[in-house]
Amino acid sequence: MKTFLIFALLAMAATMATAQFDPSEQYQPYPEQQQPILQQQQMLLQQQQQMLLQQQPLLQVLQQQLNPCRQFLVQQCSPVAVVPFLRSQILQQSSCQVMRQQCCRQLEQIPEQLRCPAIHSVVQAIIMQQQQFFQPQMQQQFFQPQMQQVTQGIFQPQMQQVTQGIFQPQLQQVTQGIFQPQMQGQIEGMRAFALQALPAMCDVYVPPHCPVATAPLGGF
């Protein structure tokens, strides 16, 4: 009888131990407990964006400081020329060497944590210049032929109103549809290239990743 009671007690103890340490009942964070982590991440991202907005005036100054780097990138200096519409501007090797030295000198003077966003602002200025170069040609090809057809037979006082109502929305859609995706892709490609080429050329460290402004900064 005693033996039976002992076995019964041991079985009960084993059952209780199994229930207490059931792996399926281990602690798991609830969604309510995960919310503070997500909120902290969102706050950190907002702080980075606010810091970037505060740095924009400084980045515009650094953009001017890196003007030699911009000139070096757009000119036909070694294999660094990456802007198609400026490849005809070929410089002498001596001029390229001077420009390279000036670029490296200015890049070294910029604080390390600001080099990446400063290079990005230079790339944005180059792409904005490229957009300004091509957009008048696009406007001329799109606007003038259709304007000539529509304005025939329309009185001069009404012509300006009609052409503005017809062509300006279409022209805006065409230019936005062509330039905005293309410009964003060019910015990303040229930014990646510049973040590799300039540090290697100047033998300076530039962080490979940095928060960057999405809105175009002032050009040169």
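Note that Cβ sites are derived from N, Cα and C of the backbone, with glycine treated the same way.
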Pyrrolidone carboxylic acid per Swiss-Prot (candidates: GLN20, GLN60, GLN137, GLN146): GLN20
Match it up for me: which of 41-56, 73-88, 89-104 does Swiss-Prot list as region '2 X 8 AA tandem repeats of Q-Q-M-L-L-Q-Q-Q'? 41-56
Out of CYS103, CYS202, CYS210, which has the highest number of nearby Cβ atoms, where nearby means within 10 Å of its Cβ, if these are the disulfide-bonded residues? CYS103
Candidates CYS69, CYS96, CYS104, CYS116: member of the disulfide-bonded residues with the richest Cβ shell (10 Å): CYS69
Closest of CYS69, CYS116, CYS202 to CYS103 (disulfide bond), Cα positions, disulfide-bonded residues only: CYS69
Argmin Cα dist to CYS104 (disulfide bond) over the disulfide-bonded residues CYS69, CYS96, CYS202, CYS210 returns CYS202
